[in-house]
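Q: Sharing the record's features from TrEMBL:
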COMPBIAS  1-10  compositional bias 'Polar residues'
REGION    1-37  region 'Disordered'
COMPBIAS  19-28  compositional bias 'Low complexity'
DOMAIN    103-204  domain 'THUMP'
BINDING   222, 223, 247, 248, 304, 326, 335  ATP binding site
Ligand code: ATP
Ligand code: MG
């Protein structure tokens, strides 16, 4: 898509819109506005939003959150300008940037939650000849049928939408010899006419959909190095949660491999929300303590309860209102209905389990799509497989668990474990400054 529009751009620049803007230093506002009036020609990104437009009076809040998230995703790129066009469209400009930088921006915005389609578009003067010329160039080298879809957000434009589409379509047919197919075209050319300019583009790339991260509040993900928990995190981020991550390593009885994996996984997931924090708790000694207190067949469920209690104590510091796990019903012995009920009993916070009804193969497909599968499949020593009994309990009795936890003072142990947490900020942009310690996260 970008290649043909790039060609379109360079030709349109030469033919009808005067010399190109310098690709490096941002130009002063006054120059830019003058140029815009006489005919802008600029590659920018046009975003189509989905559910966000349905949110009635909350819409402004959603838009503000999404705009902030877009800015965060582009924070190391040249300055951007956002403008909302009606309820469902945002135009993101990066004045003075190179086409490569704008293309990079469009790639980043594919991962920002709340956006359904990402289009690289040419912003041009709103006159019929310029629009036609850029549309013609955008179809250069294409084969198959096509349709032109035109839309006016500015109704003062001298042609109606269908007249404009008809006019441009006739020129494409004439010049490129391609057949028109309005119902199922192989290629689509979009023209959107706004108050001060027009946008010309071809098919875009799908975004993540969902709601802007942070819109639904905060939650804490229990993040193993496995396949499931990163997918669970992604699904809840997509529903508007901003999440932090908590990983329990088997240290000091295991190596640090699981921590590296958790770190890489969070860095991958950071593309979807930006500003992720990972807290790592060495869990080996606590596991040993549980074992010596006589858990036996209950060891796995008891470990998971202690993890949840620790997460709950940490959530308070992080203002997280829920915990997220990668449990899927029946996938392993700790994930029977009875055991999950025993896990729910260990904390007051709700435990969100977005993978509950999913098959492993579906979860793996999703992990592949979000780029976490290959990291999850790297070998490591999972803390949970350490010190586990030969046979695990599938129907844990809550009374038994509570009794042993009382002897052990599990609540205090959880508080202690929080105090041992190490904080990291795995950023999709590479290494940044360390995060605040968990206990000082407010
Ligand atoms: P995953 O693929 O996410 O590791 P799993 O199929 O291995 O899941 P379990 O080991 O029973 O299943 O873990 C279930 C859930 O418990 C995980 O999805 C995760 O949310 C949490 N969990 C397990 N181990 C850890 C850990 N070491 N640190 C943090 N959370 C964990
Ligand atoms: Mg696991």
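Positions of Cβ are set from backbone N, Cα and C atoms, glycine also.
TrEMBL labels come from automatic prediction, so no person has curated them.
Note that this is a predicted model, so its numbers are computed, not measured.
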Q: Taking DSSP as the reference, which of helix, strand or coil describes residue 222 (ATP binding site)?
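A: Once the DSSP labels are grouped into three classes, residue 222 (ATP binding site) ends up as strand.
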Q: Just to be sure I understand the packing, how many Cβ atoms besides its own are within 10 Å of the Cβ of residue 247 (ATP binding site)?
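A: Around residue 247 (ATP binding site), other Cβ atoms within 10 Å: 27.
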Q: Under DSSP, is residue 304 (ATP binding site) part of a helix or a strand, or is it coil?
A: helix
Q: How many other Cβ atoms sit within 10 Å of the Cβ of residue 248 (ATP binding site)?
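A: Taking every protein chain into account, the count is 30.
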Q: How far apart, in Å, are the two Cα atoms that lie farthest from each other among 222, 223, 247, 248, 304, 326, 335, the residues recorded as binding ATP?
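A: Site span for ATP, by Cα atoms: 19 Å.
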Q: Going by a 10 angstroms cut-off between Cβ atoms, which of the binding-site residues 222, 223 has the sparsest surroundings?
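A: Relative to the other binding-site residues in 222, 223, 222 has the fewest Cβ atoms within 10 Å.
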